[in-house]
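Chemist: Pasting a structure here, questions to come.
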Amino acid sequence: MKKVSKRQEDILAFIKDEVRAKGYPPSVREIGEAVGLASSSTVHGHLARLEQKGFIRRDPTKPRAIEILEPEESIQKQHVIHVPLVGKVTAGSPITAIENIEEYFPLPDTYGTSEDQLFMLEIMGESMIEAGILDGDLVIVKQKSTANNGDIVVAMTAEDEATVKRFFKEKNHFRLQPENSSMEPIIVDQVSIGGQVVGLYRRVH
């Protein structure tokens, strides 16, 4: 990997942040202000070196035409965890959960630090569509036995049936609320939490 100076690292990070936030790169003046360089020619010099090292591409005919490149050698290897897909769970009426591991999915470790804390379930039904969870989606679930009001959870009823709903603890009962305005909530006296939905994976056919 080609080395860059601390100032060039700062410039590259600022360009990435601006593109991420605004959708377009900053001007030379904005770069200079961000990293403490008063001279535009000095900024141009750093940009030229970043371009020579393969980190950016510029179009000299346009004032903001800076394209961020990600050369293979500059990409830090991402830590991956393998999360088990343990079957299907309803997003409609509760059904008995299928808990056989079908396959493992590689996911970035931003979802968790220990593989045994996460699992995935395939959604059946349309009761969570207004939360963006569709029939056939795979939800990423962090194992936990408690939930806060409003969390989307995998809930197990007293009949050992599983469902994905938004959780609410209310006086004398629990409300498992669908995210579909045409469906009624499920009211139960007892419920156990299998985990909280923390992410979503969707196959595109």
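Using N, Cα and C of the backbone, Cβ positions are placed for all residues, glycine too.
The shown structure was predicted, so the numbers you read here are calculated from the model rather than taken from an experiment.
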Chemist: Quick one: which of 28-48, 133-153, 154-174 does Swiss-Prot have down as DNA-binding region?
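Modeler: When 28-48, 133-153, 154-174 are checked in Swiss-Prot, DNA-binding region belongs to 28-48.
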Chemist: Take every residue in the DNA-binding region (28-48), average their pLDDT values, and give the whole-number result.
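Modeler: Within the DNA-binding region (28-48), the model's average pLDDT equals 91.
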